[in-house]
Amino acid sequence: MMRTLLVRGLLAGLLGGVVAAVFAYVVGQPLMDAAIEVEEAAAHGHDHGDPLVGRGVQSTFGLLVAHAAYGVAIGGLFSLLFALAYGRFGAWSPRAYAAVLATGAFLAVSLVPFLAYPANPPGVGEASSVNARTAAYFGLLAISVVAAGIALYVATRLTGRWGGFNTGIALTAGYLAVVTVSGVLLPGFDEADGFPAELLWDFRVAALGNLVVFWVVLGVAFGALAQRSLPAHASASAQATGLRQAGAS
């Protein structure tokens, strides 16, 4: 059963990546092209040479491959997370578990780091600060994921004693406190001087929309596939025990 769920996760992640790639091409690519025009105009026509990979390939095949690879990797990890969590918080349906886990993963993996370090289009940011900004982004991402993982583990221990609502409120507050303090302590970068504010806003909204599309498709698709994979007549706790035994073997 664990192998079946893993395959389902890979397929759901692939679908999410492909749909997100289509969204990025339709919604984000025109904004990317506009940002490149601004960057080239600011360079006063200086020729930096032809790129190793042409823009046509980057914006089509490259975009699809990158999103598909990301989707497959995240989908596989998501299936493992589902197997660990399923049945531990009540007799919810596989669809409900997938929806809750996808929402939580979106917040921890995508939204929190994005709010602190939103995506920048070409022409925004100094070359000297790229490495520092990247390190800060992945640092906050790691903190967010670890804090969410600890909260999920503690929830499995406290839900029976505190109840789902009280446990959820307490752990959510703790998680938000950790990532908020971390975001304040990590360095900030404000390097959008001279770049059109409306274009920057539209680009970042499109980038966030791309993340939302991916996680929605992943959660819905995996939930539907898992619903078909898990026996309808078995209880959630019994199924969860079987999944954990399969994973341990």
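Note: Cβ is positioned from N, Cα and C throughout, glycine not excepted.
The transmembrane segment annotation in TrEMBL covers 61-84, 96-116, 136-155, 167-186, 206-226.
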Long-range environment of the transmembrane segment (61-84) - Cβ separation under 8 angstroms, sequence gap at least 6: 2, 5-6, 8-18, 20-21, 24-25, 29, 53, 94, 97-98, 101-102, 105, 109, 214, 218, 222, 226, 243-244, 247
Top Cβ-contact partner of the transmembrane segment (96-116) among 136-155, 167-186, 206-226 (pairs under 8 Å): 206-226
